[in-house]
Amino acid sequence: MQRMNSEHLRDLLKVYFIMGSVNCRKAPVKVLQEAVAGGITMFQFREKGTGSLSDEARLNLGRRLQKICHANGVPFIVNDDIDLAIALDADGIHVGQEDTPALAIRQLLGENKIIGVSAHSFAEAQQAIADGADYLGVGPIYPTSSKEDAKAVQGTAMIEELRNKGITIPLVGIGGITLQNVAPVLTAGADGISVISAIAGAEDITTTARGFVYKVSLSGT
Ligand SMILES: Cc1ncc(COP(=O)(O)OP(=O)(O)O)c(N)n1
Ligand SMILES: Cc1ncsc1CCOP(=O)(O)O
Ligand SMILES: [Mg+2]
């Protein structure tokens with residue numbers, strides 16, 4: 001099996017929606033269906049934080065969300081949990097610096113799964129690539145209330161630094177991204193944006209997701 005082509009992955013990362021039950025104001029299945037209708041290009045199941053589901057309930061929700069993704073050609077990525085990713089046969093996993101190292105994940109999952117890694121510095125980005133990461137998540141770009149242990153806000157400077165220093169692999173910005181502040185993230189060199197609250201918490205989820213698709217298309221990436 002082969003690693004996913006980088007140019008294809010860049011396209012899939014354009015509007016990368018992340019969500020778990022705690023981020024939703026209505027049924028998570030409904031939230032995802034509405035986001036898919038708006039054209040999200042990738043989805044990450046991040047069942048994390050106070051009040052999140054565990055064990056069987058978590059697995060069952062993951063299954064239901066994965067079904068929606070598969071029916072619509074949207075890759076389904078699991079956050080953090082390698083056992084859940086394997087149990088669901090997810091399309092990939094996203095890990096941070098405090099999670100199972102990407103090298104071990106690559107050895108466990110093989111070549112045909114997508115592995116995303118969070119990077120907050122050039123050194124972390126280099127290591128992630130050496131370990132077999134397919135894409136990087138860089139942030140928080142702006143202030144966020146969706147991650148309790150978020151690192152310091154970076155603005156778009158880290159994305160610019162990574163690109164200027166020759167990091168070419170697919171990359172998304174994350175943290176506090178809204179329809180109003182998405183453009184500088186793309187101008188800085190991101191292939192796409194990752195969003196929790198601006199989509200999951202929106203009054204009109206489909207229209208908001210569609211708005212992100214439109215804004216990203218304007219950047220010409
Ligand atoms: C696309 C993307 N980028 C970054 C993150 C953050 O991952 P991590 O630093 O491991 O933090 P948690 O999400 O696990 O709290 C992400 N999940 N997705
Ligand atoms: C998971 C994560 N990693 C860095 S910031 C963040 C939270 C992003 O959520 P939001 O889009 O609501 O700011
Ligand atoms: Mg993590």
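Cβ atoms are placed via backbone N, Cα and C, with glycine included.
Record features, source TrEMBL:
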- Gln44, Phe45, Arg46, Glu47, Lys48, Asn79, Ser118, Lys147: 4-amino-2-methyl-5-(diphosphooxymethyl)pyrimidine binding site (BINDING)
- Asp80, Asp99: Mg(2+) binding site (BINDING)
- 15-199: domain 'Thiamine phosphate synthase/TenI' (DOMAIN)
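Positions of TrEMBL features highlighted on the structure.
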{"residue": "Gln44", "record": "4-amino-2-methyl-5-(diphosphooxymethyl)pyrimidine binding site", "Cβ contacts under 8 Å, 6 or more apart": "Tyr16, Phe17, Ile18, Met19, Ile77, Val78, Asn79, His94, Ser194"}
{"residue": "Phe45", "record": "4-amino-2-methyl-5-(diphosphooxymethyl)pyrimidine binding site", "Cβ contacts under 8 Å, 6 or more apart": "Met19, Gly20, Leu61, Gly62, Leu65, Gln66, Phe76, Ile77, Val78, Asn79, Leu84, Ala90"}
{"residue": "Arg46", "record": "4-amino-2-methyl-5-(diphosphooxymethyl)pyrimidine binding site", "Cβ contacts under 8 Å, 6 or more apart": "Ile18, Met19, Gly20, Asn23, Asn79, Asp80, Ile196"}
{"residue": "Glu47", "record": "4-amino-2-methyl-5-(diphosphooxymethyl)pyrimidine binding site", "Cβ contacts under 8 Å, 6 or more apart": "Gly20, Ser21, Val22, Leu53, Arg58, Leu61, Gly62, Asn79"}
{"residue": "Lys48", "record": "4-amino-2-methyl-5-(diphosphooxymethyl)pyrimidine binding site", "Cβ contacts under 8 Å, 6 or more apart": "Gly20, Val22, Asn79, Asp80"}
{"residue": "Asp99", "record": "Mg(2+) binding site", "Cβ contacts under 8 Å, 6 or more apart": "Asp80"}
{"residue": "Ser118", "record": "4-amino-2-methyl-5-(diphosphooxymethyl)pyrimidine binding site", "Cβ contacts under 8 Å, 6 or more apart": "His94, Val95, Gly96, Gln97, Glu124, Leu136, Gly137, Val138, Gly139"}
{"residue": "Lys147", "record": "4-amino-2-methyl-5-(diphosphooxymethyl)pyrimidine binding site", "Cβ contacts under 8 Å, 6 or more apart": "Pro140, Gly175"}
So how far apart do the 4-amino-2-methyl-5-(diphosphooxymethyl)pyrimidine binders Gln44, Phe45, Arg46, Glu47, Lys48, Asn79, Ser118, Lys147 get, largest Cα to Cα in Å?
17
Hey, of the binding-site residues listed (Asn79, Asp80), which one tops the CB count within 10 A?
Asn79
Those binding-site residues, Glu47, Lys48, Asn79, Asp80, Asp99, Lys147: which ones have a Cβ sitting under 6 Å from ligand 2?
Lys147
Select, from Phe45, Asn79, Asp99, Ser118, each of the binding-site residues with a Cβ positioned under 6 A from at least one atom of ligand 1; if none does, say none.
Asn79, Asp99, Ser118
I'd like to know which of the binding-site residues listed (Phe45, Arg46, Glu47, Lys48) lie near ligand 3, counting only a CB under 6 Å away.
none
Over the domain 'Thiamine phosphate synthase/TenI' (15-199) the mean pLDDT stands at 98
